[in-house]
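Asks: The structure's right below; bear with me while I get my questions together.
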Amino acid sequence: MNNQEYLTFVLGKETYALDILQVKEICSYEPTTPIANAPEYVKGVINLRGDIVPIIDLRVKFGIGQACYNEFTIVIMLNIENRIIGIVVDEVSDVIHINFADIQPAPDFGVAFDNAYLRGLTEVQDNMVIIVNINKLMTSKDIGIFAQMEIAAGATT
Amino acid sequence: MSVDLGQFHDVFFAETREHIQDMEALFVSYQPENIELESINRVFRAAHSIKGGSGMFGFSALTDLTHLMENFLDLVRKEKAELTSAKIDTLLAALDVLSVTVDAYENNEALDNSVISECKQQLSHLLDNCEHLEQADTDFGFFNTDDSDDFGFFATTEPSTDSPSNEPHDLHVHVATLTEESTNISTPANKQAMQQSIRVNTDKIDNLINIMGELVIADVMLQQVHCDTPKEHTQIHRALELINANIRDMQDAVMSMRMMPLSFIFNRFPRLLRELAKELNKEVNLDITGAETEIDKGMIEQLVDPLTHLIRNSIDHGVELPSTREEIGKPRSATVTLAAQQKGSYIYISVIDDGMGLHKQKILETAYANNLIKSMDLSDEDTWPLILQPGFSTATTVTNISGRGVGMDVVVKNIEALGGKLDIISESGKGATFTIRLPLTMAIIEGMKVACAGQTYIIPMHNIVESFRPTKEQVKTITDDYLINIREQYLPIVALHDLLHPEAYKPHPEESIMMIIEVGHKRYCLHVDNLLGQQQVVIKSLEKNYKAVPCMSGATIMADGSVAFILDVEQLALQTLQRTKQQLQHEAVDE
């Protein structure tokens with residue numbers, strides 16, 4: 001139990017990792033249908049074999065690197081609380097084993113994400129990997145996909 | 001070996017409810033002067049099935065109640081007891097108690113023992129009365145229930161008229177059609193016409209419908225290929241045409257699995273009518289036609305409240321008292337007709353009464369007094385919809401049945417939530433007709449593709465009245481806003497650009513398309529760039545993976561595999577209204 005598999009991916013210059021059990025699949029980026037009046041980091045929705053799936057660009061949300069879209073741009077489809085959500089990343093690198101003992105606490109600043117969404121830092125072959133608590137991040141108010149009640153109430157007043 | 005009976009509970013509860021409904025329909029349609037042994041037998045069998053099932057699962061309250069009912073019905077069947085109107089009332093009350101008890105068992109709630117024991121007493125009372133009667137005119141006190149060909153021991157088993165295939169004990173396959181169980185009591189002759197049916201979990205059917213939806217989308221894509229393929233490839237063309245035809249057939253077949261006959265809800269109304277008529281001292285017959293018309297399962301329950309309301313209205317407001325009816329030369333008993341039929345891709349359900357009709361003058365006066373209209377000079381067609389406004393009631397006295405002015409607007413809301421429409425026709429002194437028009441199914445709709453700022457949106461066809469390119473003369477300007485004049489009527493404009501793509505270039509009305517949209521009884525013009533054609537669209541939920549998006553009722557997948565949003569035309573109008581209000585407030589602050 002203290003050894004889990006993580007998928008590492010690249011945003012800008014940093015390498016991040018997320019729990020592989022939350023990954024549904026990995027696809028290449030396809031043009032989305034933009035949602036009117038949605039925040040800029042919500043790129044829109046795509047058709048994933050009949051499911052309407054929202055695509056979130058974390059690079060736009062957290063101002064990491066350049067948000068470009070080309071044939072190498074990757075979308076990681078995540079299973080979050082029974083929903084499918086896609087996140088745009090620059091590159092998917094590897095599946096790694098991380099031992100809990102090797103995880104150091106995340107610093108209070110210096111990382112693009114609020115450390116509330118991080119599990120910590122670790123080193124893989126001398127490279128720093130930032131371990132993201134993707135479930136907490138995607139369900140957060142910051143991303144605002146799950147804050148339905150609040151947003152729906154706001155729209156009607 | 002122990003068997004987990006729990007897995008059969010759901011089936012038992014569902015079947016019990018059907019039996020209760022069946023019994024209710026039979027009791028209500030029962031006429032003392034025209035006794036049909038077969039109908040008594042059916043009620044008896046229904047009670048017996050519930051008794052058997054509940055005994056097996058240990059639902060003793062149900063067993064006790066149905067046992068008493070069964071005993072009494074057995075006496076009726078053997079003509080040892082008379083089924084009077086008062087006794088039917090007792091039995092109907094007992095059915096209510098049964099229903100409540102079934103609910104309680106299903107939800108694991110505490111039983112209302114006082115109600116149950118009171119009901120038992122009432123039923124025992126019925127039996128007591130009969131037993132006196134019975135002992136007086138039979139010689140064999142002990143064997144008084146066995147003058148049929150079964151022996152005293154088996155007096156409570158299946159009547160021998162029943163064929164083995166009809167055994168209601170079987171928990172998985174039951175032999176019945178709901179249409180058959182409608183208000184017309186079936187005679188033994190048409191019993192053979194009963195169809196075989198299988199209980200299937202609705203999740204499985206919904207899953208099948210989802211897959212069907214995917215197939216329809218794939219078919220639309222294939223048809224695109226069909227158009228693009230050179231004519232020489234005749235084999236490909238033939239195959240594609242065949243696939244298309246088969247998919248359409250399959251779509252109809254799959255969709256029909258979700259369909260249920262309206263008799264499922266129509267069967268409740270004879271009782272409602274009977275009770276209402278009694279309460280109001282009116283004489284009313286209920287005529288039901290087209291109960292076999294099928295409608296989407298998801299819609300059927302939503303129709304109960306609107307229909308109940310319309311029927312109450314007809315009896316309370318429409319139908320005159322018997323004495324009044326006689327004075328004006330109408331038959332004493334009024335007739336309320338509940339009619340259903342399918343025309344094209346719509347279902348029409350009408351509540352028709354032969355009462356006094358809507359009182360035009362009174363409606364106009366009330367509407368005028370409430371500032372709903374500016375002039376009293378309105379045509380019939382424009383007058384009737386006024387009663388659908390919130391808070392509207394012309395009833396001179398408020399009864400507990402209708403007249404509080406809440407209701408008709410709620411009825412309209414419920415119907416619109418199903419994508420339907422309510423129409424009213426009325427003729428003074430002759431009666432009124434309320435017709436609900438509903439789309440056949442909610443999962444796949446006809447949609448119009450429109451373009452706005454380079455994006456494609458879908459508008460449900462049933463909301464579109466017409467589309468046109470306005471001429472310069474039709475466009476009127478009031479301060480900064482445009483109005484469209486069409487056939488002497490000014491309609492406000494809702495510009496899709498303003499709501500969804502404020503940053504994009506908005507073409508002048510004369511360079512774009514205006515669509516007249518009807519929501520409820522209100523109309524407005526929707527300003528879009530262009531029309532892109534009509535298409536069947538499969539409605540997909542946005543909330544499944546994302547969240548509700550203002551002005552969008554869902555999404556769909558287009559022929560090229562991309563996603564297009566389906567517009568919520570009602571919200572578009574509301575949002576425009578809000579924006580206008582906000583702008584006015586801002587201007588007021590600026591000044």
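Numbers here mean position along the shown chain, with the first residue as 1.
Heads up, the Cβ atoms here are built off N, Cα and C, so glycines get one too.
Got these off TrEMBL a minute ago, pasting:
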DOMAIN    B:1-105  domain 'HPt'
DOMAIN    B:166-442  domain 'Histidine kinase'
DOMAIN    B:444-578  domain 'CheW-like'
MOD_RES   B:His48  phosphohistidine
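Could you give the neighbours, burial and distances for every feature on this list?
Replies: Averaged across the domain 'HPt' (B:1-105), the predicted model reaches a pLDDT of 79.
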Asks: Within 10 angstroms of the C-beta of B:His48 (phosphohistidine), what count of other C-beta atoms is obtained when all protein chains are considered?
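Replies: The answer is 24.
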Asks: On the three-state reduction of DSSP, what should I expect for B:His48 (phosphohistidine)?
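Replies: It is helical.
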Asks: Reported in the order helix, strand, coil, what are the DSSP residue counts of the domain 'CheW-like' (B:444-578)?
Replies: 24 helix, 72 strand, 39 coil
